């Protein structure tokens with residue numbers, strides 16, 4: 001393993017933060033013109049093409065182990081989890097704001113951590129449980145202006161959107177959980193290529209590829225950004241983990257929802273009609289900050305245990 005070098009790891013982690021923070025804003029704008037199924041299909045098809053070219057030329061793909069009798073059930077569950085995650089996330093964005101989506105999706109890594117404790121025998125420190133509690137409190141604070149409507153059912157579309165994002169968080173945790181079971185015999189990159197190909201095939205029936213013919217230059221730019229986003233973000237993420245501690249990278253990535261909120265505010269100020277922004281008061285901002293702190297505390301393990309599990313953590317984070 002390469003020695004830790006934050007001068008390399010931090011910029012790479014920040015690239016990932018930028019890509020993931022901008023993702024829902026770009027996707028939200030594009031969903032005004034194409035369906036969630038079409039957007040998701042293009043994301044998978046583009047990623048499959050680019051990843052196939054890159055890894056194919058490097059001769060780094062070893063897909064056969066994923067289809068062995070021992071790993072096939074885990075492969076199918078991981079593939080299904082991430083496919084549903086992509087579609088549910090895009091569907092949820094159709095109804096709620098990018099900032100709200102990024103705050104709620106922070107539940108995904110927490111659900112993965114909890115499932116690892118329950119079914120993989122991993123340990124969870126008191127500090128990490130405190131982080132989980134802070135995330136829950138932060139979510140309640142963030143949605144303080146919408147709680148009455150959510151409880152009464154007045155905001156049915158918004159509630160539906162939150163439900164989709166919650167499904168996206170759960171299914172990402174399913175993907176991450178079964179990826180952990182695969183990692184001893186295959187790499188995350190191999191699994192992702194299989195997922196990209198599967199997504200291209202599975203979402204084709206619900207996609208309307210010809211709809212993009214009517215997009216203007218800005219919307220084509222958004223589509224290209226979304227297509228490249230996954231490969232760039234995960235590529236920078238993997239490189240960051242190779243040069244910096246996994247806990248430090250995780251702490252940096254916890255900034256994603258706050259950066260999304262800032263980006264949304266900036267974009268709405270420049271282009272008021274582009275996307276709707278979440279109505280935020282000081283309690284909402286406090287809630288977002290609490291979610292970030294809670295996510296960071298839950299992600300960082302104690303030094304003694306992280307030394308024993310750092311290798312597996314680095315692999316599991318590259319999903």
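Cβ coordinates come from backbone N, Cα and C, glycine included.
Taken from TrEMBL, the feature domain 'EamA' applies to 8-143 (among others).
As annotated by TrEMBL, transmembrane segment applies to 40-58 (among others).
Among the features that TrEMBL reports, transmembrane segment is placed at 70-88 (among others). Listed as Cβ neighbours of the transmembrane segment (70-88) (distance under 8 Å, sequence separation of 6 or more from its ends, same chain) are residues 36-37, 40, 43-44, 164-165, 167-168, 171-179, 181-182, 185-186, 191, 194-195, 198-199, 202-203, 319.
As annotated by TrEMBL, transmembrane segment applies to 100-121 (among others). Within the chain, the transmembrane segment (100-121) has long-range Cβ neighbours (under 8 A, six or more residues past its boundaries) at 20-21, 24, 89, 92-93, 128, 131-132, 135, 138-139, 142-143, 161-162, 165-166, 168-170, 172-173, 176-177, 180, 250, 254, 256-257, 260-261, 278, 287-288, 291, 295, 298-299, 316.
According to TrEMBL, the feature transmembrane segment maps to 128-146 (among others).
According to TrEMBL, the feature transmembrane segment maps to 158-178 (among others).
Taken from TrEMBL, the feature domain 'EamA' covers 160-297 (among others).
Residues 34-35, 37-38, 40-45, 47-48, 51-52, 55, 61-63, 65-66, 75, 78-79, 82-83, 86-87, 179, 182, 234, 319 of the same chain lie 6+ residues outside the transmembrane segment (190-208) yet bring a C-beta within less than 8 angstroms of a C-beta in it. The transmembrane segment feature in TrEMBL is assigned to 190-208 (among others).
Feature annotation from TrEMBL assigns transmembrane segment to 220-237 (among others).
Long-range neighbours of the transmembrane segment (249-270) within the same chain, counting only residues 6 or more positions beyond its ends whose Cβ lies under 8 Å from a Cβ of the stretch, are 9-10, 13-14, 16-18, 20-22, 24-25, 97-99, 102-103, 105-106, 109, 237, 240-241, 276-278, 280, 285, 288-289, 291-293, 295-296, 299-300, 317. Taken from TrEMBL, the feature transmembrane segment covers 249-270 (among others).
Taking Cβ pairs closer than 8 Å, the transmembrane segment (282-300) reaches residues 99, 103, 106, 109-110, 113, 127-128, 130-145, 247, 250-251, 254-255, 257-258, 261, 306 in its own chain, all 6 or more past its ends. What TrEMBL records for 282-300 (among others) is transmembrane segment.
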Mind checking which residues reach the transmembrane segment (128-146)? Cβ under 8 Å, same chain, six or more beyond either end.
100, 103-104, 106-107, 110, 113-114, 155, 158, 279, 281, 283-284, 286-301
Kindly state the mean pLDDT of the domain 'EamA' (160-297) in the predicted structure.
89
Can you work out which residues elsewhere in the same chain, 6+ from the ends of the transmembrane segment (40-58), have a Cβ less than 8 Å from its Cβ atoms?
86-87, 90, 189, 192-193, 195-200, 203-204, 206-207, 209, 212, 223, 226-231
Close approaches to the transmembrane segment (158-178) from elsewhere in its chain (Cβ under 8 angstroms; 6 or more beyond its ends):
74-75, 77-78, 80-82, 84-86, 88-89, 91-96, 100-101, 104-109, 111-112, 115-116, 119-120, 146, 149-150, 316, 319
